[in-house]
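> The structure that follows is given in the form of structure tokens.
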Amino acid sequence: MPNHDFLHSLNEQQQKAVLHTEGPLLLLAGAGTGKTKVLTSRIANIIHQNLASPQNILAVTFTNKAAKEMQERVHNLVSSYGLNIGTFHSMAARILRDQIEHLNLGLNSRFTIISQDDQLRLIKDIVKLKNIDTKKYAPKLIHIVISRWKDQGLLPNKLSSSDTNLPLQRVAKLVYEEYQQNLLISNVVDFGDLLLYNNELFIKNPDILKHYQERYRYILIDEYQDTNVVQYLWARMLASLSKNICCVGDDDQSIYGWRGAEVGNILRFEKDFLNATIIKLEQNYRSTLPILAAASNVINNNKNRHGKTLWTDKESGEKIKIISCWNDKEEARYIAAEIARLVREGRYSAGNIAILVRAGFQTRSFEEAFINSAMPYKIIGGLRFYERMEIRDVLAYIRIALNQNDNLALERIINVPKRAIGAVTLNKIKLYAIEKNISNFAAIKEMLEDGEIKTKSYETLKDLVTKISNWHERFSFDAPINVTKAILDDSGYLEMLQEEKTEEALGRIENINEMLRAIAEFNDIHDFIEHSSLVMENESLETSYGGSVTIMTLHGAKGLEFDVVFLPGWEEGVFPSQRSLDEEGEKGLEEERRIAYVGITRAKKELYITHAESRKIFYEIVRSYPSRFLAEIPEEIIIRTSSIKKYDSFYKF
């Protein structure tokens, strides 16, 4: 019998989901319905009933933060040593390292994972080598096309004529072939390769697939509505033997179609897994009745969805406030003043209030309004730690020390600090490497030995090669923190920053020191490199909101909650986005409506929705009309008003 500690705090539907232990289960979890609690209780129950050991359970999430939270919650319920909880990418990387030789690609288990920035740099190099017109075919667009193909599970040799109908696609295919070859030569992979190669591995090696099918007897996938094709295929293959797969998601919160997420994955679950059980979690523990009514009435206008209706046993709360403003500046002034009033009256702290915008261009007017009102605020969406220049530089030094075939890492650090290695010499090295089909580092070594480099760069390159070789050897016996400090000193990188003596340089040194603190927690430098790569790709919001109002996009707010939420810019063309309507038609409209649903359900107690009669978009004043989504909210739960002059004076703090 299950431990009833897992059940006593769960409602009836949540209990059903926890006690379901055999066969496929689709858990349709509406916003704020306690899905994480159900997931962790379900894992704990499986372990407690001895249906599987922790090592035989695989739980997959989209972010490191979610994986860590799930791990901690399960551990608080039962002993769960050996439980496999992680992101799609981390789990796929683990399998690939163990089985990479079976793919016969030339990769070995010490491959590194390159960042988005390095991916783009490589594509730019290929575009330049092939003399492709970057005005017609921007490298960023080519990168997007290649990434989308990988999300669909398509390697260059699997692209059909329908995949290359457009001129951009035909150019992207040429670049894609060269791009993959460069990755293999450098013994690196990108994030798209991790799952793509996993699926290739399973298809070509049924015995390996069976091994993992037998190992992972219970599979749980969180945020299933956000899976792309290659993630979906990976999960389906792993679960096809035991059929004990539990997919948790909410088709009404599928808002990442632009990056490859396929809402159809959750809609066709019953076809993929016959005799599947579907359980709906509809009791909301977050929001008030009017907020839930607004969300439900908006999303009910979507046709392609599993029907469900959120409800709560909370007493009715504040009505939804819909405010009409003269223009976008007045809208920002009104919101800043209203927030100031709520905080001044002691009803809410600034940290429990959020402004959620549809598009980045909307934030500037709020910055100005908050500066004028002396209201503390924070715009979420700046550079993350591992995306900062100095951190990427140090990571590149570590990568080239570990993997001397990593062309991208070498290219990044070869003149940082400045070493006077000119463009002519660099180009000569690249051409030599291409001709010999070897890495750039190997090319430098051969050219130095053969006297191919006779410029003043000779001594500099010889010194760099020696240092990289020494660092490589030292990593085999010394602690990662010690070797990294040596790299910073020997390379002159730290000295370069110290000599700048600017506030910016001091900030960069502080960041490097923080990075060293992170490295000190790892015994194996490869584990740190993999950790940093996965964090860069999946890093979720770690910000403490303190006493600042949060300004962020609706996409960024998914999974968060605030006492008070302001939703500005609810006008046709802004929200729903005109681009989505033009490019995707009805499909785009339904995704926009799901974004609206996500925004509404972030609010716990009060919700404000504003729209402007005119808006400045890209330097042009445009007449605006209220969003069609506003007409989908019942009048009986709305208070309509207009912004007025009194909000021109601000409460000071």
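Each Cβ is built from the backbone N, Cα and C atoms, and glycine gets one as well.
According to Swiss-Prot, the protein has these features:
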DOMAIN    8-288  domain 'UvrD-like helicase ATP-binding'
BINDING   Gly32, Thr33, Gly34, Lys35, Thr36, Lys37, Arg286  ATP binding site
DOMAIN    289-559  domain 'UvrD-like helicase C-terminal'
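Can you walk me through where each of these features ends up in the structure?
When averaged over the domain 'UvrD-like helicase ATP-binding' (8-288), pLDDT in the model lands at 92.
In the three-state DSSP reading, Arg286 (ATP binding site) counts as coil.
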> Using the Cβ center of Gly32, Thr33, Gly34, Lys35, Thr36, Lys37, Arg286 as the ATP site position, which other residues in that chain lie within 8 Å, going by their Cβ?
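The surrounding set, listed in chain order, is Ala29, Val38, Leu281, Tyr285.
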> Give the number of CB atoms, excluding that of Thr33 (ATP binding site) itself, located within 10 Å of its CB.
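The answer is 25.
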> Using a 10 Å radius around its CB, how many other CB atoms surround Gly34 (ATP binding site)?
20
> Counting other Cβ atoms within 10 Å of each residue's Cβ, which of the binding-site residues Lys35, Lys37, Arg286 comes out lowest?
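Taking Lys35, Lys37, Arg286 as the binding-site residues, the minimal 10 Å Cβ count falls on Lys37.
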> Please identify which of Gly32, Thr36 has the densest Cβ environment, defined as other Cβ atoms within 10 Å, among these binding-site residues.
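Output for this query is Gly32.
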